Amino acid sequence: MAASGESGTSGGGGSTEEAFMTFYSEVKQIEKRDSVLTSKNQIERLTRPGSSYFNLNPFEVLQIDPEVTDEEIKKRFRQLSILVHPDKNQDDADRAQKAFEAVDKAYKLLLDQEQKKRALDVIQAGKEYVEHTVKERKKQLKKEGKPTIVEEDDPELFKQAVYKQTMKLFAELEIKRKEREAKEMHERKRQREEEIEAQEKAKREREWQKNFEESRDGRVDSWRNFQANTKGKKEKKNRTFLRPPKVKMEQRE
């Protein structure tokens, strides 16, 4: 009975210890999560070198899982926007403004269901790529007769791999978007230059035609004046040199 009692106490103690460790682990996770919920840390995170690419993932900006509800997204936005608002961080207003803009942009993007779906598709593509890569590596290890153990078997390392691949995909899409915009802008500029050139050409042609018509009218008037003057001179000349007929003197016998 004593042995049984000791065993029960031991078992109960083990269960209590496991519960305590679970509770302690949860507390540490909460402390870790809350440790970044300071204005300074959030501004630093959102404006660190490379943030222009890190912040392309709206879920990463708001530090939320892709599966969260719209209500949780709104709650997180309010929380972060207050932390990084420039009015609250006047000693670091410029960076606070950049951080606030990143949070605001991510929030608005996730409110748009179409853009949210695109972001989710990128994240899913990153996850599928890592899963495929891990599968191929395991297949190769098995073929070589080696243990089929890879780093990504660790859930945390798998998560990190997905994060890196997802960030890479977001960056590639952003680069392509900028290239497409630059190309479109160049095309619009080229078309505008052609329109301006066509307008200037048409203007030059109109001016030439106008000048030609005016000069033609002038030439016609000059020719008419010339003809009139010439005719007048001829008539005057004819009148000047007109000689009366000779009168034959009558001879008397």
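Every residue gets a Cβ built from N, Cα and C, even glycine.
As annotated by Swiss-Prot, compositional bias 'Basic and acidic residues' applies to 181-222.
Positions annotated as compositional bias 'Basic residues' by Swiss-Prot: 231-240.
Marked as domain 'J' by Swiss-Prot on the basis of sequence analysis: 57-124.
Per Swiss-Prot, the feature N-acetylalanine maps to Ala2; the stated evidence is a large-scale study or a structure entry.
If you look up Swiss-Prot, you'll see Ser35 (among others) marked as phosphoserine.
Following the DSSP three-state reduction, the secondary structure of Lys146 (N6-acetyllysine) is coil. Taken from Swiss-Prot, the feature N6-acetyllysine applies to Lys146, supported by a large-scale study or a structure entry.
Taken from Swiss-Prot, the feature phosphoserine covers Ser222 (among others). Cβ neighbours of Ser222 (phosphoserine) (same chain, under 8 Å, six or more residues apart in sequence): none.
Look at Swiss-Prot and you will find 181-253 tagged as region 'Disordered'.
If you look up Swiss-Prot, you'll see 232-253 marked as region 'Essential for polyglutamine aggregation suppression', on the strength of experimental evidence.
Here Swiss-Prot flags 189-192 (among others) as motif 'Nuclear localization signal'.
If you average pLDDT over the motif 'Nuclear localization signal' (203-206) in this model, you get 90. The feature motif 'Nuclear localization signal' is assigned by Swiss-Prot to 203-206 (among others).
Counting residues of the domain 'J' (57-124) by DSSP class, helix then strand then coil, yields 57 helix, 0 strand, 11 coil.
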